């Protein structure tokens, strides 16, 4: 396993983490009263757009899973439209799962959906960038020993950390602390964000420490 490839992964992940930090700080310069807690819905939109844009740009530049076959323009357009449909379906699915786990069904619909968009950005968008709209490849990657590259291993770790962070973020909501960050879905979205950032840092470090044991083979 080449150290240079791990270095590229680390650099890409650190840029994604930096994008989240900037999404919390830069808008305050242009928007009066902007804050992560005070204008949380605005921050959810800004964070999702920043992370999504940077992920797409990085994958276009780094091309970690580029196919050797040349694709026609029509194929690329069809692939792009499928990715958009898959992302929207992911947002709907996450929204439904979140409601089943106790989120308000009718009240706070906008808040729940934007939280679902954030989760989709942290998980599904990465799958679409790396694997494309290929459900079989997604199942392979998230199965035991299914990763075929360090990028896919990083995808496993960051997606898992994001979902776990969102789940742990729900624990303080029912507590009688009366804190501003207990309002739905602030603690969950912050938990998902911190989980995603933790995964971005943990993934390349874990791969580096276990590089001698990781032997990726094409299937």
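Each residue, glycine too, has its Cβ placed from N, Cα and C.
Taken straight from TrEMBL:
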TRANSMEM  9-29  transmembrane segment
TRANSMEM  41-62  transmembrane segment
TRANSMEM  83-106  transmembrane segment
TRANSMEM  112-132  transmembrane segment
TRANSMEM  153-171  transmembrane segment
TRANSMEM  183-209  transmembrane segment
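Through the fold, the transmembrane segment (153-171) approaches residues 9, 13, 101-102, 115, 119, 122-123, 126-127, 130, 141-142, 147, 187-196, 198-200, 202-204, 206-207, 214 of its own chain, all at least 6 residues removed from its boundaries and within a Cβ separation under 8 Å. Within the chain, the transmembrane segment (183-209) has long-range Cβ neighbours (under 8 A, six or more residues past its boundaries) at 1, 6, 9-10, 13-14, 16-17, 20, 36-37, 40, 44, 47, 98, 103-104, 108, 111-112, 115, 118-119, 122, 150, 153-154, 157-170, 172-173. Outside the transmembrane segment (9-29) by six or more residues, the chain places 35-36, 42-43, 46-47, 50-51, 54-55, 58, 62, 150-151, 154, 158, 193, 196-197, 200-201, 203-204, 207 with a CB less than 8 A from a CB of the stretch.
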